[in-house]
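See structure below.
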Amino acid sequence: MKTIYLTGFMGSGKTTIGRELARYLQLPVIDTDEEIIKETGISINEIFSTYGESHFRDLEVKILSSLPTQNVVITTGGGIVLKDQNREWMKKHGVLVYLHCDFEVIWTRLQHDQTRPLVKNSRKDELEQLYQSRKSVYHDYNLMIDTSALQLSQIVKQLADMIKNA
């Protein structure tokens with residue numbers, strides 16, 4: 001089976017859905033952010049504050065291309081799709097799944113999460129502007145599911161069915 005790459009805005013459910021989908025499909029799961037932390041030895045927040053977002057995006061490119069391209073679910077950081085080469089890599093080597101989620105649902109999930117560098121110092125309107133600005137790059141995918149109102153088990157079952165038919 002080709003690698004399954006889960007993308008979407010922060011708070012769309014990539015990590016949670018990825019773990020459950022991997023369990024359901026009996027595949028390992030790899031998180032690109034966790035791999036970056038292992039590689040650098042520092043947190044995502046520290047990378048952003050010390051080296052900047054551009055450096056972090058370069059690390060995403062490096063990590064993504066080093067990961068397996070068969071029989072694995074890979075959960076990605078919300079901004080990994082900002083680089084064309086990442087989107088092309090994921091579509092070439094697997095199934096690129098976009099987890100859409102309405103902004104108001106995302107805001108409810110994220111408003112008190114201080115672990116995310118792009119949320120920590122943002123107001124709601126600033127985060128919504130970021131959400132809107134990324135919409136076009138998220139729409140470069142193989143499969144899409146809306147995670148706004150579905151239960152986790154429904155999302156996993158629907159995704160598994162979609163992937164089998166892709």
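The backbone N, Cα and C atoms fix where each Cβ goes, glycine too.
A TrEMBL annotation is a machine prediction, not a hand-curated record.
R116 is the residue from R116, R123 that TrEMBL records in the ATP site together with G11, S12, G13, K14, T15, T16. Other C-beta atoms found within 10 angstroms of the C-beta of K14 (ATP binding site) number 27, with every protein chain shown included. T16 (ATP binding site): 16 other CB atoms within 10 A of its CB, across all protein chains.
Sequence-distant neighbours of G13 (ATP binding site) (same chain, six or more apart, CB under 8 Å from its CB) are L99, C101, T147, L152, I155, listed in sequence order. Cα to Cα, R134 (substrate binding site) and K14 (ATP binding site) are separated by 16 Å. Each of G8, M10, I17, G78, L99, R109 belongs to the same chain as G11, S12, G13, K14, T15, T16, R116, is absent from that list, and has a C-beta within 8 angstroms of the C-beta centroid marking the ATP site. When the Cα of R57 (substrate binding site) is compared against those of the binding-site residues G11, S12, T16, R116, the shortest separation belongs to R116.
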